[in-house]
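Report on the following structure.
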């Protein structure tokens with residue numbers, strides 16, 4: 001008996017790479033799409049896309065979208081939506097500007113206060129959604145209007161700036177080179193290599209564990225190639241960045257947030273419960289899950305991340321404008337859906353949302369370099385969103 | 001001899017794996033009230049769906065003769081055109097539209113494609129008059145009580161020139177006097193030559209209005225009785241409804257080996273009262289008291305709508321109802337069951353009757369569903385240890401014999417029986433003292449049923465208390481040490497296994 005079982009499990013452990021790819025096309029489809037899109041623009045722009053200065057810009061330009069996409073992923077997995085994040089970005093930027101420019105408060109005060117205000121804004125919206133069962137669409141649509149209005153009121157219709165140097169570092173700062181050479185920035189390269197090693201190490205450990213339980217269906221060759229590619233990509237990117245000014249602070253913030261939220265969604269009870277709540281709220285409730293509190297926390301978290309994005313955006317422009325963050329919510333929501341989250345909740349990954357945000361970002365950047373007008377950019381982005389979701393639905397139906 | 005308006009001959013309808021109807025015959029004379037009776041799941045509703053074309057011609061075997069013509073309905077519009085109108089248990093009306101709009105929904109009074117409102121209102125008034133409803137045609141339907149809504153539904157049938165009216169348990173949601181009014185209306189229609197088929201569980205209604213009765217059991221028509229030709233006692237009907245073989249369908253439990261059986265008191269419920277969550281003047285559960293001992297399987301018998309699920313869910317963390325009153329003692333201490341987490345902590349588990357809607361997260365794996373009610377058991381400081389989690393779910397998969405290659409299978413891909421075992425796994429892993437199982441074998445095949453029964457017996461042997469709610473009386477008789485009989489939110493009787501029989505339970509229900 002035991003021997004037959006072992007043989008079956010070892011047979012299961014080594015299916016062909018093509019079969020594996022076919023069955024996991026949903027997991028890797030968007031990553032492949034991102035690589036293809038990058039390669040295409042790299043070719044069309046004659047290598048401008050991957051130039052260190054442009055790459056640095058790409059990260060800086062998209063950091064706030066990515067940070068919000070992480071929070072939005074949780075909201076969407078929980079079965080809701082948040083339309084107010086763009087306005088919150090504007091409002092927090094305005095608040096930061098008033099505090100540091102008009103009142104001269106130091107950055108160490110401004111940043112925590114703004115994050116706290118974001119948390120409260122998210123919490124307030126979450127309160128109505130969670131405990132009063134008012135649809136998130138309506139509550140956050142109201143929030144979108146309210147905070148856009150408050151942004152205008154706070155700034156009295158004017159742009160306020162410039163920010164003090166310390167505040168600007170939020171967005172424009174770079175990790176200094178501890179090795180003191182400067183260019184190429186050795187610290188950036190070292191950090192890149194460390195990050196790559198850490199990712200490969202964690203992947204190998206989790207693979208070893210699942211092999212021990214005989215439940216691994218990823219072919220070894222696929223595992224090797226995948227991790228080698230990821231490691232090479234990270235090290236190559238850090239090399240490219242090191243030849244310019246090194247790693248932007250924002251990139252580190254982003255990486256840390258991605259790591260934290262990936263861990264929370266994959267391995268903690270709170271993450272598990274959010275997926276359960278989005279998958280079947282009634283069943284979750286009857287399983288003893290406090291669905292109201294979780295919904296509330298998801299929105300509070302979204303508010304805080306939107307505030308962080310607002311600070312970074314304001315720091316990047318070095319001024320707070322009444323239009324800041326306008327229509328950001330659409331890019332953020334699109335990124336999450338491109339990344340494979342389900343409209344009905346319960347499905348979606350942090351890394352998917354990040355990839356979705358990068359797809360949008362690379363397209364924005366690439367099309368701008370090519371000189372495509374904002375009109376056609378919108379059209380193309382809309383079609384990509386539709387195509388991504390159709391692709392997802394198609395794969396789901398095929399799987400049935 | 002009177003005319004036969006409807007004859008259904010040898011109707012057989014099969015669903016994948018189940019024969020829902022097996023050569024059923026039904027004959028309805030013109031201008032009579034024909035009662036159709038049978039237990040839940042006997043096949044009454046399926047038969048009516050065949051008749052009304054919900055299951056189109058060709059999807060069943062047998063013939064339907066309506067007014068001496070062979071009927072081949074391909075949909076509900078075909079049967080309605082011939083004058084066969086069915087009124088379902090759940091009303092098919094739009095609460096936010098007016099009475100007039102509801103009456104002519106899909107059947108509007110049109111002049112060149114535009115609704116003629118004066119004509120609509122005039123016809124509405126005439127129809128309301130016929131059913132004895134004094135309301136303005138522009139009243140929104142949602143503002144009417146259930147009884148009046150039922151009358152609107154009947155008026156809607158009249159608007160379509162009805163020849164044969166089918167009512168599926170029309171009085172189950174009605175108060176006494178509304179029911180009486182409805183039955184009077186049927187008698188009036190009969191005088192006008194409209195035939196009706198009345199599906200009901202209430203034998204007193206049958207003896208009041210029915211001209212003949214067809215009894216259906218296990219998908220077969222057992223008998224047709226003529227109320228005028230012979231005196232029919234309720235006992236006759238009950239015997240026809242329930243009589244079936246029940247040998248060897250239930251695993252035996254060896255109680256002799258356990259001297260202490262039944263064991264110490266696990267759970268006692270005192271004077272439990274629950275009101276409807278929306279209609280606060282409607283009391284759903286009336287003053288119910290019961291208890292469960294260790295190692296005991298206690299049944300709650302009752303028809304659908306008798307309040308069994310509402311009782312269970314109101315106990316389990318007040319998941320149903322408002323203004324809940326009463327006291328629950330678990331293991332001798334007064335238990336706080338105010339929220340689901342508290343109920344779980346107190347040692348209570350509720351396995352829902354609706355596993356897809358309320359029990360499982362279909363998009364997730366067996367592993368994730370298994371640990372959902374006790375995530376603390378597989379985590380420390382909020383971080384889940386997936387290896388322990390996998391081990392736990394694997395253990396339950398083996399113990400409950402869930403047939404699937406791995407615990408990474410999504411539960412949506414499992415059969416009903418295996419899904420039910422996953423729900424059971426989840427609640428077993430929450431380590432309860434008392435499990436309330438609501439229709440634990442609904443919609444699963446015979447073999448899986450036997451396995452579920454074995455699991456229940458094992459639970460009792462392990463000293464747990466089991467409360468089993470079921471519409472299938474043989475199942476309760478085969479499994480339970482004691483059976484409480486429930487009707488209309490009240491416990492109307494209690495029977496020891498030795499004294500219990502389907503006839504006794506049924507007569508407690510219908511005579512209550």
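Cβ atoms here come from the backbone N, Cα and C positions, even for glycine.
Unlike curated records, TrEMBL annotations are generated automatically.
Long-range contacts of the transmembrane segment (A:28-44) within the same chain: residues 21, 50, 338-340, 352, 355-356, 358-359, 362-363, 365-366, 369-370, 388, 391-392, 395, each at least 6 residues beyond the stretch ends and with a Cβ under 8 Å from a Cβ of the stretch. Taken from TrEMBL, the feature transmembrane segment applies to A:28-44 (among others).
With a threshold of 8 Å between CB atoms, the same-chain residues lying at least 6 positions outside the transmembrane segment (A:64-97) that come near it are 110-111, 113-114, 117-118, 121-122, 125, 129, 136-137, 140-148, 150-151, 154-155, 160-161, 163, 167, 253-254, 257-258, 261, 265, 274-275, 277-278, 281, 294-295, 298-299, 301-314, 316, 319-333, 335-337, 339, 341-350, 352-354, 356-358, 360-361. Among the features that TrEMBL reports, transmembrane segment is placed at A:64-97 (among others).
For A:103-124 (among others), the entry in TrEMBL reads transmembrane segment. With a threshold of 8 Å between CB atoms, the same-chain residues lying at least 6 positions outside the transmembrane segment (A:103-124) that come near it are 84, 88, 91-92, 95-96, 143, 147, 164, 166-167, 170, 296, 299-308, 310-311.
Beyond its flanks by at least six residues, the transmembrane segment (A:136-155) meets 75, 80-84, 86-88, 90-91, 93-95, 97-98, 121, 125, 128-129, 299, 320-322, 324, 326, 329 of its own chain at Cβ-Cβ distances under 8 Å. Residues or ranges marked as transmembrane segment in TrEMBL: A:136-155 (among others).
The transmembrane segment annotation in TrEMBL covers A:186-204 (among others).
According to TrEMBL, the transmembrane segment annotation covers A:224-241 (among others).
Per TrEMBL, the feature transmembrane segment maps to A:294-314 (among others).
Within its own chain, the transmembrane segment (A:186-204) is flanked in space by residues 175-179, 223, 227, 230-232, 234-235, 237-239, 241-242, 246-247, 255, which lie at least six positions past its ends and keep a Cβ under 8 Å from the stretch.
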